[in-house]
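Data block below; observations after.
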């Protein structure tokens, strides 16, 4: 651990906080239908989309109608991705002559990208054509990100509105998010990435001759445009198998830093949107503070663990920390910071091999996902996930003082608490249940490259990542099998939609309630006490739910390595 390393972490946090308010102001205007500096150009396009699709932008939807529209939208996205992957061999823009993708892998990938998970049981450069990367994956990266933000806006409206039955219009929210937020930023972002050295071409793969005289094929393609939205939209799926560790996806320290910023930018800004729409920006800052406390703690532990190395390394006289699986152009701090960011934000992109982290260093990304990736989280998903924990925290506070719980003027009653618990309990049910199957079912055990606690952690990480819609992996596990393609797809599906539906039910319930003015007995929700309460609820629920599994995996691995046993 060095002063330069800590300065990088501090600089990252300062820039994210600085971006939160202006981005939040802009996004609030966009979703309220107010004029922005892009309106002269984009408003005619927006109106044209509504006219062609037959959408009345002034007609809002009940929460159930909003949810059904979202589900139908995902069905369409699934069919597009699955179709282009199965027909890849006969479609254009396939310079490498890639064949059709197998049914189970196509199914897994389609579910993966519509759920914003981007779990990849394939290597992009050796499996997919340019058309599939663009029309199937990059296209869906925009739509899944826009969907997440739209759902967050619906829940925010549930808190901010009173005595109404509507939470917005799904089609309008997705259109505005894509046109006014994602596309403009990604255009500029793509140009920056091209300047940094990332390819953006539809030309053939490059044939090169090495210094030894051997022939080598260098994969290129429309990479920069996909990287821009995969980071900004917290999708995470790489154009190349090595993801952000590949020099054609993340060539420089500057591109790496900007990519980390882009992962957090919109998620952090949504906390400010929440504060603005409920009429008190301090509410948004309090939520961001909860996220910040958990994030800084995770970064500190991961950086310390990786910089300290392992007892095995110390016994061999090795110093300099654990550099296994890390790119020297990034080093320890940027690799550790990236790992915590990508798992806190449900992004899943990686610039280092998480499987090669120390036991404790790899445990923090795992915990981030097990908590539901609420530390900023995926665009939209992080905020509505955090608000579920806020509902529980407010309920606990109400029990302690003997009053009906209230939050931003809305009573938190049995229906909201039940829905919040349903959404939160679905996650451990899926990844703990499937992990139990994965470590005893013979076809699943055959995919494990390591035995002992590390092998167990690989399986636990895979199902946690899939259920949490993250997509990163402990890559020692062979995932492209029938068992894992189907089970991981089921985990991704349940983790996405069985959390969304309860959250939308809460939105509808709250929107229909009257707004209650604060009184002397109202629990304050903008100060340190509230922040501490929410952090405590998150850690208690996480500790009770996940500690036994963590004890069987990374914790026992760490203790065993200190005793001289490796896996």
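Glycine residues also receive a Cβ, built from the backbone N, Cα and C atoms like all the rest.
In Swiss-Prot, the annotation transmembrane segment applies to 64-84, one of the ranges 64-84, 85-105. Within the same chain, residues 112-113, 116-120, 123-125, 130, 133-134, 137-138, 141-142, 144-146, 148, 182, 185-186, 189-190, 193-194, 198-203, 205-206, 246, 248-250, 259, 262-263, 265-267, 342, 345-349, 377-379, 470-472 sit at least 6 positions outside the transmembrane segment (220-240) and bring their C-beta atoms closer than 8 Å to a C-beta of that stretch.
Contact between the transmembrane segment (527-547) and the transmembrane segment (285-305) is supported by 3 or more Cβ pairs under 8 Å, counting only residues 6 or more apart in sequence. Residues 91, 106-107, 109-111, 113-115, 131-132, 135-137, 139-140, 143-144, 147, 150-151, 154, 167-171, 174, 497, 500-501, 504, 508 of the same chain, all 6+ positions outside the transmembrane segment (64-84), place their C-beta atoms under 8 angstroms from a C-beta of that stretch.
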